[in-house]
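Down below is the structure, laid out as structure tokens.
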Amino acid sequence: MTVEIQFKRLDARLGSEFPLPDYATAHSAGMDLRAMIEAPLELAPGDAELVPTGLAIHIGDPGLCATILPRSGLGHKHGLVLGNLVGLIDADYQGPLMVSLWNRGKKPLTISPGDRVAQLVFLPVARAALRQVDEFELSARGEGGFGHTGTR
Ligand SMILES: O=c1ccn([C@H]2C[C@H](O)[C@@H](COP(=O)(O)OP(=O)(O)OP(=O)(O)O)O2)c(=O)[nH]1
Ligand SMILES: [Mg+2]
């Protein structure tokens, strides 16, 4: 499904020097986000920096959220992942979209202005109304968890 999402361009280089976030292929689930930094950023091993993406979005619909996820190639090959592991963008958030870049690897990494460093994925959300009970109707799993079903 396609949803229309309002955005504001906070950095004039987006949409001119660098393309706006977009899907790389017809069926990509994520649109890549760029590091809209002023100058190259060196991330020492273990360091994390909060980096602007140059845009703000307002999802507006409580039945939707967005997540910011690492890009597989950068995460696996270079150790560039997210300081919060996954970013969660609430439907009522209107501030600048930020990415926490974490070098979890063993070598310094240099991020250049405009690099595509993470990806934005929109997801449906179920919001819960919690109802307290004394007992659950017993399920097949019951309280078994944390490896209860084995590995083979
Ligand atoms: O990677 C991220 C994660 C979050 N946000 C923004 C959007 C989100 O709606 C807001 C709050 O995020 P979250 O609820 O995860 O953080 P919090 O520490 O609980 O902050 P708050 O108390 O504002 O909810 O920060 C980003 O821009 N980038
Ligand atoms: Mg929160």
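Each Cβ is built from the backbone N, Cα and C atoms, and glycine gets one as well.
Summarising the annotation, TrEMBL assigns domain 'dUTPase-like' to 17-150.
According to TrEMBL, the feature substrate binding site maps to ARG71, SER72, GLY73, ASN84, LEU88, ILE89, ASP90. Just so you know, the Cβ of ASP90 (substrate binding site) picks up 12 other Cβ atoms within 10 Å once every protein chain is counted.
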Under DSSP, is ARG71 (substrate binding site) part of a helix or a strand, or is it coil?
coil
DSSP-assigned states of the domain 'dUTPase-like' (17-150) in counts, ordered helix, strand, coil:
7 helix, 53 strand, 74 coil
Anything from the binding-site residues ARG71, SER72, GLY73, LEU88 with its Cβ under 6 A from ligand 1? List those in sequence order.
LEU88
